[in-house]
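First the structure, in the form of C-alpha cells, and then the observations on it.
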Number of protein chains: 2
Amino acid sequence: MSDALSLDHLRGLDAGDPLKGFRADFVLPEGVIYLDGNSLGPAPKAALNALQHAGSAEWAQDLIRSWNAAGWFQLPLELGDRVGRLIGAAPGQVAVCDSTSINIFKALSAAAGLRPDRKTVLAEAGSFPTDVYIAEGFVASQPGYRLRLEGQDGASILDMLGPDVGVVLLNHVNYRSGRLADLVAVTRAIHEAGALVIWDLCHSAGALPIGLDAAEVDFAVGCSYKYLNGGPGAPAFIYVAERHQAAARQPLSGWWGHARPFAFETHYEGAPAIARFLCGTQPILSLRALKGALEVWDRVDLDALRAKSLQLTDLFIALVETRCADHGLALETPRDPAVRGSQVSFSHPHAYEIVQALIERQVIGDFRAPDVLRFGFTPLYLSHEDVWIAVETLRDILETGLWREPRFAARHAVT
Amino acid sequence: MSDALSLDHLRGLDAGDPLKGFRADFVLPEGVIYLDGNSLGPAPKAALNALQHAGSAEWAQDLIRSWNAAGWFQLPLELGDRVGRLIGAAPGQVAVCDSTSINIFKALSAAAGLRPDRKTVLAEAGSFPTDVYIAEGFVASQPGYRLRLEGQDGASILDMLGPDVGVVLLNHVNYRSGRLADLVAVTRAIHEAGALVIWDLCHSAGALPIGLDAAEVDFAVGCSYKYLNGGPGAPAFIYVAERHQAAARQPLSGWWGHARPFAFETHYEGAPAIARFLCGTQPILSLRALKGALEVWDRVDLDALRAKSLQLTDLFIALVETRCADHGLALETPRDPAVRGSQVSFSHPHAYEIVQALIERQVIGDFRAPDVLRFGFTPLYLSHEDVWIAVETLRDILETGLWREPRFAARHAVT
C-alpha cells in the first residue's frame, strides 16, 4: 500500500482537518461507521434538543400560543432562507414544506404554466423514481401533455430539447451512480432551447456548493433528511427563482399559500412571493428538528466541505481498488472528481448480501437494486480513518466470504 | 342559578364521569383551562414519550435501520387503520399522510376521475377556507371544470345537485359555528343525484362517533392535530372507500404510492389499495408523536365521549346565557345537540379583545374573524368544573370590562 493510503498518513490528514470539530455536533452510536448519510443523515445534538424543546415546552406548555410565540408559522420560510444559503439562493426564494414528490408536482405545474404552448416534459429514466412517477402523474392529469424520458433510446437530454419541450426535470447528483451534472451548462442549454429547468437537489444539497441564482436556475427541489440531517422524512424544500414568482401558479393552493391566510377569505389569492408554494399546515415537530440541524449548517464552509468530500471519496475508491481487488467490485461512480457527488457506488452480483454483512460489522452503507453497493461520504462526521476501517472491513468480508452466510440473503425494504 | 348549574352539582358529575381517568394521560400547564383542543390538541404523555424515543433511540441510535426495525415505513397505513376505528372505517381504507389540503386535492382528483362526464364541483362558501382554495386550484388546473359554492346565492347543496355535478366537498362540522351536518342523509342525497362526496372531518374526528362505512361515504379527509392530539401540524388522513380504490387515480403519484416502491422501477404503477394515495416520504418524527397520541384513543369509548361532549357544550351554553347575559354575546352554535359538534361559538363585536383577555386569565379559546369567540370541549381532559371556571372568568372579564384595556387590542395571527 502506498504511503498516501497508510493509516498513519490518514491519521495525519484527520489531525489537520478543518472540519474535524463538527463530529462533536452529532450523536452516532459507538463503533458505527455511518456511510449512509446520503439516505438518512444522523442526529445532530441540536436537532434532538430542538425536538425535545418543541415537544415538552412549545407544544405541551405553551400550546396554541406557540404558533406565534415560537415562530411555528414562520418556519417554512425561515428555514427556507437558511437552506437557501446552502444552495446559492438569495433570501425569499426557498420554502421548506411537504415532500420532495409534492414539491416536484408544484414545480412541474408552475413551470408548465409558464410555457403554455410547449406540452412535452423531459425527465431522466435513471432519475430517482419518484421524479418520473410524479411527472407521469402530472402529464396524465393534463390533456395534451406528454413525458419523454432520457436514457431509453440513447438520446441525451440536450438532444431531446425542441420547440415542444417546456420543462426539463433533472437530478443534480444521480442517486445511484453519484454522477454530478453540470448545472450551469445544462441550465444554459435548456434556456437556449426555450424551456425551463427543475433541478432535484436531493443528493447534492449539503454535499457540495450549489449556485442556483448564479446559474439562473428556474426551479429546484430537494430533501432535508439526507446530507442536511433534518431527521427521518423531514420536510423537503422548493426553490422558485424570484423572476418567476409573480407569474407562477400551482394547483395545490392551500391556505398557507394565501396572501392573507388568517383573514379566512372565501377565495384564494396566492401570496405575492415564495409563500404561494406553501399548501397546508406543516408538521411542526419535524420542522423543529430540522431547524436544530440547520444550526450546524449555519457554521459550515461549503468549499471546505467539498474539498474534504472529494478527499474521502478519492480515498475510498483508491483503497477499495487496492485492498479489495479481484473480488468483482466495479466502480459505478465517476473517477473524475469534477463530476462526482459525495457518494461512491460499486456494483457486484452479490451487492445485497455484502451490504448486509457490512451492516452487521457496523459499517452502514446501502444497497440499491439490482446490484449496487452505495456509500455516502459526509465530511461533517467522517474521518479519513473511518474510510480506512470501512474498507478493511469490506476486505475482510470479501476475503473470508462472510457475506455467503445464509442470514445475509433475506431481502427487506430499505430506503 | 339553578341547582343543575351549581358548582356542587357539577363536581358531582365529575366524580361520576367515566372518562375522568383520561386527564392523567395529558400534560397540561398548571392553572390553564384549555378550550382550544379543536385547534391544537394538548400533548398526551404517550406522544411526548414516543417523540423522545423516536428521536433519541430510533433515529440517533438505530439510524437507517429504523425504516424497517421501528416500522417507520408502515406508519401511514398502521396509523390509518387506528384512525379508521374512530371514523367508522374498516381496515385498509385510511392512510395518514401529508396535509389535509393535499389530501383534499387527491380526493378531488380521484372523485372527479370516477365521474368523468360531470365537470362541476360543489363546495361550501362557509367551509374552512383551504377546502375552497384547493377546489379552486383543482378546477383551474382542469379544462372544462367549474366550482360552485353553496351559501353565495341562498341555494343549499342539495338544491345545487344536478346532472353536471360529479363531486361534492363538505365539512362534517363547520369550523366556525360548530354545526354538525347529517352525514348519512346528505351522502344519500348526493349519491341519488349521481355524484360522489368528500367529507372533511377536521372538526369531527375524535369529537364524536362517525360511521363512514355505514353511510357509504366515498372519500373523507381530516387532520390529526385537533381532537386527535397528534401534535402541531401532525400529518392528516385520507379515507377512500374500498369499492373505489381499484379505479381511483390521483396525480400526486409519488414513490410511496407505488405497487413496489423499493423495486425502483422506471414507471409508476399504483399500489392496489389505499397505499396508492400515499405520495412522498412522510415526516416520521411527527408521525411517531401521533402514534403515541393514538395509544390514548385506542382506549376511548366514542359513545361515552359524545355523551360527555354534549353535556359540556350544553352546560357551557346554559352557563354563559345565565351568568353573562346582557353583555352582547350571541350564540352561533346550534342549540339542538343533534346538530352540534364539540365546540360552542358566540359572536360579539369585541370578540378578539375578549378572547385575548381570557387567554391572559388562563382560559384558552380562540378568535375567528370577524367576530367569533370559539371554544372547543374535549371530554378526555376537561371537567364540568373546568367549564364552570371558564364561564366565571368570562363573566368577570365582561363585568369588569377588563377586555377594554389597550393591551388586548393588538392583532396577531392565530391558527
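Note that the numbers count up from 1, one per residue, in the order the chain is shown.
Including glycine, each Cβ sits where the backbone N, Cα and C put it.
No curator has checked TrEMBL annotations; they are predicted automatically.
Among B:W59, B:W255, only B:W255 appears in TrEMBL as part of the pyridoxal 5'-phosphate site alongside B:T100, B:S101, B:F128, B:P129, B:T130, B:D131, B:D200, B:H203, B:Y225, B:T281. B:Y225 (pyridoxal 5'-phosphate binding site) has a Cβ environment of 28 other Cβ atoms inside 10 Å. Using a cut-off of under 8 A between C-beta atoms, the binding-site residues B:T100, B:T130, B:D200 that neighbour chain A are B:T100, B:T130. Under the three-state DSSP scheme, B:T281 (pyridoxal 5'-phosphate binding site) falls in the coil class. Shown in sequence order, B:T100, B:I104, B:S127, B:F128, B:D131, B:L169, B:L170, B:N171, B:H172, B:A220, B:V221, B:G222 are the residues of the chain, 6+ apart in sequence, with a C-beta less than 8 angstroms from the C-beta of B:D200 (pyridoxal 5'-phosphate binding site). Counting only the Cα atoms, the space from B:T281 (pyridoxal 5'-phosphate binding site) to B:K226 (N6-(pyridoxal phosphate)lysine) is about 23 angstrom.
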